[in-house]
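The region 'Disordered' feature in TrEMBL is assigned to 17-45. Sequence annotations record features per position, and here TrEMBL assigns domain 'PNPLA' to 73-243. Feature annotation from TrEMBL assigns motif 'GXSXG' to 105-109. Per TrEMBL, the feature active site, nucleophile maps to Ser107. The active site, proton acceptor feature in TrEMBL is assigned to Asp230.
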Amino acid sequence: MTMTLAMQSTRAEELSVLMSSSDCDDRSKTLDSMSTDTEESDDDQMELDAPDVTMCLETMPLARNERPSLVELAFSASGGLFTYQMGVAAYIQDHFDLSNCHFSGCSGGSWAATLLAAETNVHDAWKVILATQKRLIPANYSWYSGYGRYATIVSETIQELWKDDLDVFKRVENKNLHIAVTKFPSMKGENHNSWTSLDDLMKSIMASALVPFALSGRPYIVHRGQKYIDGCVSNFKGVNLSGSEYTTASEITYHVKKLAVDTMRSSMTTLASYLLPSSLQKPVASFIYRALPNVSVPHAVIAPLSLAVAPANNTSMELTTETAPSSSSSSSSETKDVHRLLIQPWTWRGQSLTSYHLTVDIDTHQERFDTGYQDAMANYHEFAAVLRPLTQ
């Protein structure tokens, strides 16, 4: 009987392994199917292509005791799609425990990172942004009405949002918020991670997003006795990494190449839709997609997808850190094992080139916010891989 039970137990284990393998294969096939459907949909809508989604083992949620002790939520440069990132941030805040998270951001992404680090309700902040914009931008706005005015919108939004929470700058510092900025004219990257007042924090956010002449009508912003421009020039992804681990030059080169390929692919597909009968449009679009080169993404250690899991034995070092003048914190770099969730507007969907300009269309802003929230919901598994759901 003992031998029989042992054989049954062994057989049960074999079946369990086979079932787990089958489940993983099925899930991989499902993800491949979803990726294919997404690509076809993007081609139909003439949008720029988004990267493929991760494989099965990377997207399966980890057990509670397997989740990493430290996660960095990084929000990349985003231009006018900062509203999309806010939607993603709202979903993360609504559904996950962020107590083990650090936060970092660049340009438009610094706003979403700051809200999460401040533990401010993103939905409430969104209402303040819309109300402020509606008050400051004329009803008969044009496509360029936001240029030169966004600095005022950001400033008044922050003052209204945190007028009764003046110590918010201390809270984001305790949550290890890092905001990427670029010194001008040296173009040297820095991370601001310490502040002395709400005004100090506000100017770091504005410095990170200071596209010359676009945000405030000026070529740079003066902050802490230094001239700064958009953080994307030195740290496009907004990650808290050293220059030896990540450089924006290769990142920008990648995006320029990808933009050229995607624009050519979209233009040729559009032309084919005008010249060819409907029965040939799909095959030709598929041929064009495969004929043009696929541009490889740099910095695999950061990962181009939203889920970036660093190897267990890999350490992450800070960029040169700029602290507030009166801060007593040490400026020495520290090393930690870090898992990253990198939030980019193009991770899950293609985005048209015009979507990055600083629109002041409130309806468009709301649509992008809602889309970001919905995309995050659809890709819940990527967050659950490293974050603890609030329901657990």
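Cβ coordinates are placed from backbone N, Cα and C, and glycine is handled just like the others.
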Pairwise Cα distance for the residue listed as 'active site, nucleophile'/Asp230 (active site, proton acceptor) [Å, integer]: 6
Per-state residue totals over the motif 'GXSXG' (105-109) - DSSP helix, strand, coil: 1 helix, 2 strand, 2 coil
Spatial neighbours of the residue listed as 'active site, proton acceptor' that are distant in sequence (at least 6 apart) but have CB under 8 A: Ala77, Ser107, Thr182, Ser208, Ala209, Leu210, Val211, Pro212
Three-class DSSP secondary structure - the residue listed as 'active site, proton acceptor': coil
Local confidence of the prediction over the motif 'GXSXG' (105-109), expressed as mean pLDDT: 94
C-beta crowding around Ser107 (active site, nucleophile), within 10 angstroms: 30
